[in-house]
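K.L.:
Right, I'll just put the structure down here and ask away after.
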Amino acid sequence: MSTSIRICSYLLLPLIYLLVNVKIAQLGESFPITIVTFLPVLLLLFLERISVKKLMIALGIGAGLTAFNYLFGQSLDASKYVTSTMLFVYIVIIIGMVWSIRFKTISPHNHRKILRFFYLVVGLVVALAAVEMAQIILTGGSSIMESISKYLIYSNSYVLNFIKFGGKRTTALYFEPAFFALALISIWLSIKQFGIKTPKTDAMILAGIILSGSFSGVMTFILFYLLEWAFQYLNKEAIKKKLPLALISLAVFLVGVVIAFPYISTRLGDLGTEGSSSYYRIVGPLVMVGYSLTHIDGVVRFGSLYEYVASFGIFNGADVGKTIDNGLYLLIIYFSWFAVFLSLWYMGKVIKMMINAFGDNRNFRVQLYLFTPVSLFFTGSIFSPEYAFLIVCPFILRKALNITR
């Protein structure tokens, strides 16, 4: 493949961020088709070599988890089993391909072109979110958001209803605020793989996350930035040479936290308020998780989630919820202790990485690997190509930039 074609192929990645939630077509009631539905094919554009061994390992793990779920999970709605299983297998294929592929290298003189496209995407979505927020403040509603939602994979009617009752959330080109924030953080990590400082873009991305109203997004951005401060300045060499800069940057960070404290404290308080989104995402489902870990019939077969969740009668707003908005809890409900052990194993790897990152966290390596488990707390729609793209895109760029550590 020629260099020019290769450049165009990688420029698809920032473009996909704009279109990731735009529905092209629909198969049945629960299978929207988007550009990332074809992600396995798109990955072939970047393919230089593939490790069949790694791919087989990934597919084998996926097959084992699927078999466990089928054998031990209780079926409450057999009609949705095939579709739900296909989605899980599809995600395994995408992750397996990204892990096993050696991507074509992006040459240094093309970095700026790709970065410009990412900057353009950030500018467009944050500007749109700002316009949506302005309309919400001025009119109490958002006809812009309502118009855009007609072209998205899922309706954001619950967000519009929330706004009618005085809430302030934006979604830009995405189907919900949490996914919007997740997309911005994914873009941010993609940009960071190029190893340059982008304070203006960082500020714009933070502004977009705040406009989304996603508490998970705000806290994740704060966590990742605080980690980077620690990795840069909490080592002997940096303390000797950069102490004033470290203190200034920490002071700026603390000022930001103080300004955001009323919002943070309010959202933390919501964790104890039944019916709030924070309660429904974190606290309410714990009873389901506990049941899945302590009862033989606690594992739910693919496709039966709605009925299982509804049986616990946990309120999401004024209605009984039927979905799980927490990916980690979803994995436990489907795979029980396997999900717990795999999560602990992965976090052990990340913690070991953190210990060795002080003074040497090349291109936000720790934050990139931490992003996968943290992202589980943003959404329950983790068995979707759209979610998978947000997770794997920064890894694709890291491998294409030949960052080995």
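Cβ from N, Cα, C; glycine included.
Swiss-Prot feature annotations, pasted as is:
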- 5-25: transmembrane segment (TRANSMEM)
- 27-47: transmembrane segment (TRANSMEM)
- 55-75: transmembrane segment (TRANSMEM)
- 81-101: transmembrane segment (TRANSMEM)
- 117-137: transmembrane segment (TRANSMEM)
- 171-191: transmembrane segment (TRANSMEM)
- 204-224: transmembrane segment (TRANSMEM)
- 244-264: transmembrane segment (TRANSMEM)
- 282-302: transmembrane segment (TRANSMEM)
- 327-347: transmembrane segment (TRANSMEM)
- 376-396: transmembrane segment (TRANSMEM)
K.L.:
Can you tell me which parts of the same chain pack against the transmembrane segment (376-396), counting only residues 6+ beyond its ends and a CB-CB cutoff under 8 A?
P.N.:
13, 16-17, 20-21, 34, 36-37, 39, 43, 46, 84, 87-88, 90-91, 94-95, 98, 103, 153, 176, 178-179, 181-183, 186, 189-190, 192-193, 214, 216-217, 281-282, 323-331, 368
K.L.:
Look over the recorded stretches 5-25, 55-75, 282-302, 327-347 and say which has the most C-beta pairs under 8 A to the transmembrane segment (117-137).
P.N.:
5-25
K.L.:
Relative to the transmembrane segment (327-347), which of 27-47, 55-75, 81-101, 171-191 accounts for the most Cβ pairs at distances under 8 Å?
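P.N.:
Ranking 27-47, 55-75, 81-101, 171-191 by Cβ pairs under 8 Å to the transmembrane segment (327-347) puts 55-75 first.
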K.L.:
So which of 55-75, 171-191, 204-224, 244-264, 282-302 is most in touch with the transmembrane segment (5-25), counting Cβ pairs under 8 Å?
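P.N.:
If we count Cβ pairs closer than 8 Å to the transmembrane segment (5-25), 171-191 scores highest.
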K.L.:
Are the transmembrane segment (282-302) and the transmembrane segment (81-101) close enough to be called in contact, which here means at least 3 C-beta pairs under 8 A that are separated by 6 or more residues?
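P.N.:
In this chain the transmembrane segment (282-302) contacts the transmembrane segment (81-101) - 3 or more Cβ pairs sit under 8 Å.
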K.L.:
How about long-range neighbours of the transmembrane segment (81-101): same chain, 6 or more residues beyond its ends, C-beta under 8 Å?
P.N.:
28, 30-31, 39-40, 43, 46-55, 57-59, 61-62, 65-66, 75, 301-305, 382-385, 387-389, 391-392, 395-396, 399
